[in-house]
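Taken from Swiss-Prot as is:
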BINDING   Gln39, Leu40, Arg41, Arg42, Lys43, Asn71, Ser109, Lys139  4-amino-2-methyl-5-(diphosphooxymethyl)pyrimidine binding site
BINDING   Asp72, Asp91  Mg(2+) binding site
Amino acid sequence: MNTLRFPAGLYGVTPEWDDTSRLLAAVRDAAAGGMRALQLRRKHLSREQRLLQARALAPLCRELGVTFIVNDDWRTALEAGADGAHIGRDDATLAEVRAAAPGLLLGVSCYADLNRARELLAQGADYIAFGAVFPSPTKPQAAHAPLALLGEAAAQVRACGEPRPAVVAIGGITPANAGLVAAAGADSIAVITGLFEAPDIRAAAQACAAPFPLTD
């Protein structure tokens with residue numbers, strides 16, 4: 001048995017698009033190609049603008065059966081009716097968010113730090129994210145997380161019992177290298193440019209999702 005707290009496979013992350021209609025259409029295409037989770041990541045929007053996009057995306061994701069996560073802003077996740085929130089190093093602690101919003105799925109950034117992952121797993125993280133596994137156009141200065149790290153992280157989450165937390169990889173992932181990441185031990189891949197800037201979003205989603213068995 002290998003059940004997960006977070007969907008395996010393709011985890012789309014939104015580009016910096018202000019055109020919500022364009023974004024909704026792209027999410028439909030990605031879901032048709034096999035995307036199973038979506039993160040709203042809008043670093044440069046005001047909280048009010050982010051909430052507007054989140055409220056547009058949440059019902060669409062429910063319709064499509066896509067798990068919906070909001071980056072960096074658990075309050076917006078709650079207000080919009082999202083499934084969860086992603087917490088970075090500079091955000092509130094996982095324990096603080098868990099206490100305030102016990103119903104949310106909570107994912108955390110671990111960068112290339114297995115000790116951080118171990119601590120956050122002990123606090124109940126639903127997924128641990130590592131990256132950048134490849135050079136990233138979104139974060140060109142991001143520290144490198146070697147693929148071998150994913151296998152070590154996979155060993156950590158297996159000790160957590162069932163359903164277990166997921167290991168997510170991010171950074172420079174494309175249809176061409178998704179298989180390498182899956183083989184290294186990732187349960188899920190977070191993809192921005194390689195998905196939403198592709199000429200055919202549905203085909204890119206299919207190619208990114210193909211290496212991942214639907215085991216959760």
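A Cβ is built for glycine as well, from the same backbone N, Cα and C atoms used for every other residue.
Remember, it's a predicted structure, so these values are computed and weren't measured experimentally.
When every Cα pair among Gln39, Leu40, Arg41, Arg42, Lys43, Asn71, Ser109, Lys139 is compared, the largest distance found for this 4-amino-2-methyl-5-(diphosphooxymethyl)pyrimidine site is 16 Å. The two recorded residues, Gln39 (4-amino-2-methyl-5-(diphosphooxymethyl)pyrimidine binding site) and Asp72 (Mg(2+) binding site), show a Cα separation of 10 Å. Each of the binding-site residues Arg41, Lys43, Lys139 was ranked by the number of other C-beta atoms within 10 Å, and first place falls to Arg41. Note: the Cα of Arg41 (4-amino-2-methyl-5-(diphosphooxymethyl)pyrimidine binding site) and the Cα of Asp72 (Mg(2+) binding site) are spaced 8 Å from each other. Around Leu40 (4-amino-2-methyl-5-(diphosphooxymethyl)pyrimidine binding site), taking its Cβ as the centre, 29 other Cβ atoms fall within 10 Å, counting all chains.
Around the Cβ of Arg42 (4-amino-2-methyl-5-(diphosphooxymethyl)pyrimidine binding site), 22 further Cβ atoms fall within 10 Å across all displayed protein chains. Taking the Cα atom of each, Arg42 (4-amino-2-methyl-5-(diphosphooxymethyl)pyrimidine binding site) and Asp72 (Mg(2+) binding site) are about 9 angstrom apart. Sequence-distant contacts (6 or more apart, same chain, Cβ under 8 Å) of Ser109 (4-amino-2-methyl-5-(diphosphooxymethyl)pyrimidine binding site) comprise His86, Ile87, Gly88, Arg89, Ala129. Least packed by the Cβ count within 10 Å, out of the binding-site residues Asp72, Asp91, is Asp91.
Long-range Cβ neighbours of Asn71 (4-amino-2-methyl-5-(diphosphooxymethyl)pyrimidine binding site) (same chain, at least 6 residues apart, Cβ-Cβ under 8 Å): Val13, Gln39, Leu40, Arg41, Arg42, Lys43, Ala85, His86, Gly88.
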